[in-house]
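Noted in TrEMBL for the protein shown:
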- 27-278: domain 'G-protein coupled receptors family 1 profile' (DOMAIN)
- 12-35: transmembrane segment (TRANSMEM)
- 47-75: transmembrane segment (TRANSMEM)
- 87-106: transmembrane segment (TRANSMEM)
- 126-143: transmembrane segment (TRANSMEM)
- 183-208: transmembrane segment (TRANSMEM)
- 228-246: transmembrane segment (TRANSMEM)
Amino acid sequence: MGIPGLEDLHIWISIPFCSMYIVALMGNILILFIIKTETVLHEPMFYFLSMLAITDLILSTSTLPKMLGVFWFNYHEISFHACLTQMFFIHAFSGVESGLLVAMALDRYVAICNPLRHSSILTNSVVAQVGMVALLRGLVLMIPHPFLVRRWPYCQSTAVPHTYCEHMAVVKLACADISINSLYSLAVIILIVGTDVTCISLSYVQILRTVFNLPSNDTRLKTLSTCGSHVCVILTFYIPALFSFLTHRFSKHIPRHTHILLANMYLLVPPRLNPIIYGVRTRQIRECVLQLFMTKIS
């Protein structure tokens with residue numbers, strides 16, 4: 001249905017949405033190209049960043065093309081199996097992105113708290129294994145979602161009041177007791193977010209403890225600046241996601257279109273901002289991008 005209550009504004013809403021999608025595509029593809037071609041960036045932090053860029057591309061591409069079809073061409077139909085597939089990709093790769101943020105926090109922890117052993121601890125095989133664990137965890141925990149949704153009868157409305165097949169928006173259309181879906185979804189969110197935020201927090205407690213034991217203010221600031229990009233990415237992912245989750249489940253007074261817009265921001269904003277944040281704040285990427293464009297100009 002797009003955004004119920006704002007149908008007359010769909011064309012105008014599509015402009016910033018499409019702009020964010022284009023920026024997300026171009027930015028993340030550029031990040032992947034730079035990391036692949038520049039050997040100086042073949043380090044654990046940039047390997048994790050490339051995994052994050054791929055995840056962002058999957059998240060934005062699984063939602064935006066269909067959403068723009070609704071906004072531009074009033075193409076509201078989607079098959080049931082395509083809806084379940086979209087639901088799985090959205091929720092699974094949101095979990096993968098959360099896991100990758102933990103992996104990047106681990107990289108910063110080892111780099112700052114145990115720098116002499118960084119290369120021996122985070123070898124290429126370890127980085128690949130950590131990335132695989134993040135991927136498998138997201139996929140395995142979200143596999144039950146489409147199967148649980150598929151088992152219910154849908155005997156009334158089949159119009160999803162959302163811009164994409166969000167789990168609770170679809171399952172609320174079922175003519176059955178959906179408490180098992182609600183409880184499982186809540187348990188998975190608490191497990192993923194609770195575990196990941198705890199691990200990230202513990203990593204940064206150790207990082208801050210190490211930084212404040214450094215001898216000079218300049219060294220402290222330089223060391224903290226290496227974590228700045230990661231902290232910004234964490235905030236752009238978790239704040240919209242948690243705000244959307246809390247308002248969706250616990251606030252009955254917020255209009256439906258506000259819920260939907262928040263749910264879209266949590267999927268659209270991080271893929272757009274992540275390459276910009278790392279491109280601006282990470283010296284190695286910034287220098288490689290400038291070198292690439294200077295070479296093109298000359």
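Just so you know, glycine gets a Cβ as well, placed from its N, Cα and C.
In TrEMBL, annotation is done automatically, which means it is predicted and not curated.
The transmembrane segment (126-143) makes no contact with the transmembrane segment (228-246), as judged by fewer than three Cβ pairs under 8 Å among residues 6 or more apart in sequence. Per-residue pLDDT, averaged across the domain 'G-protein coupled receptors family 1 profile' (27-278), gives 87.
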